[in-house]
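Colleague: A single structure is presented below for examination.
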Amino acid sequence: MTTRNAAPRLTWRDRLNRADVKATPYALVSPYFILFAVFGVFPMAYTLYASLHSWKLGNPNRTFVGLDNYKFLLTEYDRFNWSVVNTLGMFVMATVPQLVVALMVANALNKRLKRPMLWRMLILAPIVTSVVAVGVIFARFWGTEYGMVNGALDLIGIDKIDWQTGRFSSWFAISSMIDWRWMGYNSLIFLAAMQTIPKNLYEAATVDGASPRQQFWKITIPQLKPVLIFTVFVSSVGGMTLFVEPMMFGSGLLNGGADGQFQTTAMVLVDILRTHGNYGISAAAGWLLFAVIGIVAAVNFLVVNRIQGNK
């Protein structure tokens, strides 16, 4: 007959130490989840609740209306639909040249330049500049009467352009502001990715007689695919939430021009609260904007999965 030694009885101190080991990881990560729940989940849930009600500004009473606020925005409030068009238009007009130029600048900075740190600091200067200051400066830059661009056009005999009146002209002016501000940021992201590409790939290509242009298209671009997808995604989210740049271009007004020609969806969200005084409609506009961003994120996710599946 064999006997088995009984496990020693745990003291309260042993139990406390064991509980401490198990609970410490959760305690360390809990502040993030608590803050996310308070400032992320709760506002979104409360906004969804508000979007289903007619809730007038200054009136604590609210009436459940279901999806009527969404129906109003999509079928009756033309400015909302045009704001989506404006937002997508400015996003495309700003993002494509921005990423192309950023890629070219990063490729140039990846070469052996004198004082490379100085060049990197210079291209980051627009990011640290106040967005309000950037908006005011570019509003004067594209001014109709005394703007620098129209002044240059007048010197070569071309009629002045009212950049705020036309839809595409205002998109172009605002896009230039966005490109100037964020091109340097994307350039540094591309530069950091380029410097992780193994040098032996370029050395082997040089031995095989590949030109610098061929090396760029056959080696650099394929190696940068994940980073390109990331920058497109981040630029998409930023483009969908444009607010300060077009508002500053319109002298601080939320209407985006007389006909709303450069009013973005984020501007409509605030403008609805000002003009209609209805929290519910404004909250519904916010959720529709969230849905558009979600669609862009889903497309980006599918593209990433396809690229990874082809590797």
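A Cβ is built for glycine as well, from the same backbone N, Cα and C atoms used for every other residue.
Relevant sequence annotations retrieved from TrEMBL are reproduced here:
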{"type": "TRANSMEM", "residues": "23-46", "note": "transmembrane segment"}
{"type": "DOMAIN", "residues": "84-300", "note": "domain 'ABC transmembrane type-1'"}
{"type": "TRANSMEM", "residues": "88-109", "note": "transmembrane segment"}
{"type": "TRANSMEM", "residues": "121-142", "note": "transmembrane segment"}
{"type": "TRANSMEM", "residues": "171-193", "note": "transmembrane segment"}
{"type": "TRANSMEM", "residues": "227-244", "note": "transmembrane segment"}
{"type": "TRANSMEM", "residues": "279-303", "note": "transmembrane segment"}
Colleague: When you check the transmembrane segment (88-109) against the transmembrane segment (171-193), do you get at least 3 Cβ pairs under 8 Å, counting only pairs 6 or more apart in sequence?
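Modeller: They do touch: at least three Cβ pairs between the two stretches lie under 8 Å.
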Colleague: In the same chain, who gets a Cβ under 8 Å from the transmembrane segment (171-193) while lying at least 6 residues past its ends?
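Modeller: Residues 86, 89-90, 93-94, 97-99, 101-103, 105-107, 109-110, 120, 123-127, 129, 131, 134-135, 138, 142, 163-164, 223-224, 227, 230-231, 235, 238-239, 242, 245-246, 249, 262 contact the transmembrane segment (171-193) from elsewhere in the chain.
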